[in-house]
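According to Swiss-Prot:
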type	residues	note
ACT_SITE	126	active site, proton donor
BINDING	12, 96, 197	[4Fe-4S] cluster binding site
BINDING	41, 74, 124, 167, 225, 226, 227, 269	(2E)-4-hydroxy-3-methylbut-2-enyl diphosphate binding site
BINDING	41, 74, 124, 225, 226, 227, 269	dimethylallyl diphosphate binding site
BINDING	41, 74, 124, 225, 226, 227, 269	isopentenyl diphosphate binding site
């Protein structure tokens, strides 16, 4: 069997930074260290940090006053920040810097009274945090997921609009929705191209590059990982059978009946150790040749807060 490993795959700079923030806080301060929401959407990573003394909560009312709390890579609303300050919580912010860029755009629109449209998935913590940057009743913030949502959208002033996107969506994910917005609202302002999350786009490009060369695609990532699900969907759109697995235990040998070529990748929140375990499990099924497929080099590094260095 030929096993192709897509590149780049796995941890991005934002995930590396978020995990490092929790690890350094655990080293420098006595547990418990509270983390609002899963710091990244991966079961293995979260369990590892729990075992070391991190306590994951969904709301700040689960955190004792004057405790240390870390905001997840997905970001939080302004209301959450205000509550943390009011209660005297010591905050370390693990929000991905690329998410923060989107937050600043929404906050700027709010200050200017420009209505803002967010392209994203309802219920995702990043979406909730981004929409929570807007607090100007003179304008408004709207969430759309599809061209149909755009068709049904009603705004106050069609000539005073901007849009932003959830960072775990690539340009390809949002093309149709953006086209619908620009068709309906010709004067709408969008983000600059350099605001696109490089990691999301690179991992999707890597899947696209490999998908047509294999009969089966395995994506390593947790079910609540938005970007991992997008990778699986992209492989399927290319006509390749694809499965999302948390770890090697999820790999079903029946998937490989008659398969000669399989590809493996990992979402941005999945560690390489899980990829290795999955590849090892596949290689045990038949004599295998493992090939690293060349891809775009990533050298972005995001620094942790100065107090944790």
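Cβ atoms here come from the backbone N, Cα and C positions, even for glycine.
Feature annotations (Swiss-Prot) mapped to structure.
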residue	record	DSSP class
41	(2E)-4-hydroxy-3-methylbut-2-enyl diphosphate binding site	coil
74	(2E)-4-hydroxy-3-methylbut-2-enyl diphosphate binding site	coil
96	[4Fe-4S] cluster binding site	coil
124	(2E)-4-hydroxy-3-methylbut-2-enyl diphosphate binding site	coil
167	(2E)-4-hydroxy-3-methylbut-2-enyl diphosphate binding site	coil
197	[4Fe-4S] cluster binding site	coil
226	(2E)-4-hydroxy-3-methylbut-2-enyl diphosphate binding site	helix
269	(2E)-4-hydroxy-3-methylbut-2-enyl diphosphate binding site	coil
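Each residue contributes its Cα atom, and for residue 126 (active site, proton donor) and residue 226 ((2E)-4-hydroxy-3-methylbut-2-enyl diphosphate binding site) these two points are 10 Å apart. Of all Cβ atoms in the protein chains displayed, 26 besides its own lie within 10 Å of the Cβ of residue 96 ([4Fe-4S] cluster binding site). Across the structure, residue 197 ([4Fe-4S] cluster binding site) and residue 74 ((2E)-4-hydroxy-3-methylbut-2-enyl diphosphate binding site) place their CA atoms 13 angstrom apart. When the Cα atoms are compared, residue 226 ((2E)-4-hydroxy-3-methylbut-2-enyl diphosphate binding site) and residue 12 ([4Fe-4S] cluster binding site) turn out to be 14 Å apart. Under DSSP, residue 12 ([4Fe-4S] cluster binding site) is assigned to coil, being neither helix nor strand in the three-state scheme. When the binding-site residues 226, 269 are compared by the number of other CB atoms within 10 angstroms of each CB, 226 has the fewest. Using the Cβ center of 41, 74, 124, 225, 226, 227, 269 for dimethylallyl diphosphate, the list of other same-chain residues with Cβ within 8 Å runs, in sequence order, 40, 126, 168, 224, 228, 267, 268.
By the criterion of other Cβ atoms within 10 Å of the residue's own Cβ, the least surrounded of the binding-site residues 41, 74, 124 is 124. Within the set 41, 74, 124, 167, 225, 226, 227, 269 that the record links to (2E)-4-hydroxy-3-methylbut-2-enyl diphosphate, no two Cα atoms are more than 15 Å apart, and one pair reaches that distance. Those same-chain residues not listed among 12, 96, 197 yet with C-beta within 8 angstroms of the centroid of the [4Fe-4S] cluster site C-beta atoms are 13, 14, 15, 73, 98, 99, 167, 168, 198, 199, 200, 268. For residue 197 ([4Fe-4S] cluster binding site), other Cβ atoms within 10 Å of its Cβ number 24. Between residue 269 ((2E)-4-hydroxy-3-methylbut-2-enyl diphosphate binding site) and residue 12 ([4Fe-4S] cluster binding site), the C-alpha separation comes to 7 Å.
Sequence-distant contacts (6 or more apart, same chain, Cβ under 8 Å) of residue 167 ((2E)-4-hydroxy-3-methylbut-2-enyl diphosphate binding site) comprise 96, 98, 99, 102, 126, 197, 200. On the backbone, the CA of residue 74 ((2E)-4-hydroxy-3-methylbut-2-enyl diphosphate binding site) and the CA of residue 12 ([4Fe-4S] cluster binding site) stand 13 Å apart. Cα-Cα distance from residue 41 ((2E)-4-hydroxy-3-methylbut-2-enyl diphosphate binding site) to residue 12 ([4Fe-4S] cluster binding site): 13 Å (rounded to the nearest whole number).
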